[in-house]
């Protein structure tokens, strides 16, 4: 049986693919207030603006290509049972060829009903304010907005709790729930932080 390697990935892993990180000066929030484009209230208040923001992000991500970091994780599958838990909403891990990817914050390539969270459909193009589910309810990006619960949190905790190795790549681990996931690893798990600007409070062997 292959050792279980759980990868916690964040925006930094996709930076070389041309996708800006959140906190960079030219990052994803540049020119936007979070409360205007990434909250349930914003969607209610100005659906057109929220959809336009995510339509632009979807187009940008579609143009990006997986980089060497994504491809290395695919190679790891030869020797490890690799389980990727990503904070990213693009599909670069999947396009690189990774088999098991869990998206904490949702996926840009999907849309879901504003009324029925289980009604999820592929979305490769732009969303419109006129998009409806079969019952006439408005569709929305399949994204976890600020203030919303993370539907896949329990499966993520379960994966980390079984890990032999945890790789933390491209994330500062400052955003919920990723900042607590690493603590779910078994006591004997090996934990490695791969980040050009590492969190000095993180011990790469024992965790926090």
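Any Cβ shown, glycine's included, is placed from N, Cα and C.
Database features, via Swiss-Prot:
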type	residues	note
DOMAIN	1-208	domain 'Deacetylase sirtuin-type'
BINDING	10-29, 87-90, 170-172, 197-199	NAD(+) binding site
BINDING	54, 57	substrate binding site
ACT_SITE	105	active site, proton acceptor
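A 10 Å cutoff on Cβ-Cβ distances gives residue 18 (NAD(+) binding site) a total of 12 other Cβ atoms nearby, all chains included. Counting only same-chain residues at least 6 apart in sequence, those with a Cβ under 8 Å from the Cβ of residue 87 (NAD(+) binding site) are 8, 9, 10, 11, 104, 105, 171, 175, 178. Listed in sequence order, 37, 108, 127, 141, 143 are the same-chain residues six or more apart from residue 54 (substrate binding site) with CB atoms under 8 A from its CB. Each residue contributes its Cα atom, and for residue 14 (NAD(+) binding site) and residue 57 (substrate binding site) those atoms are 13 Å apart. In the three-state DSSP assignment, the secondary structure recorded for residue 14 (NAD(+) binding site) is helix. Considering other CB atoms within 10 Å as the measure, the emptiest surroundings among the recorded positions 57, 105 are those of 57.
Recorded residues residue 170 (NAD(+) binding site) and residue 57 (substrate binding site) have their alpha carbons 19 Å apart, per Cα-Cα distance. Each residue contributes its Cα atom, and for residue 57 (substrate binding site) and residue 18 (NAD(+) binding site) these two points are 12 Å apart.
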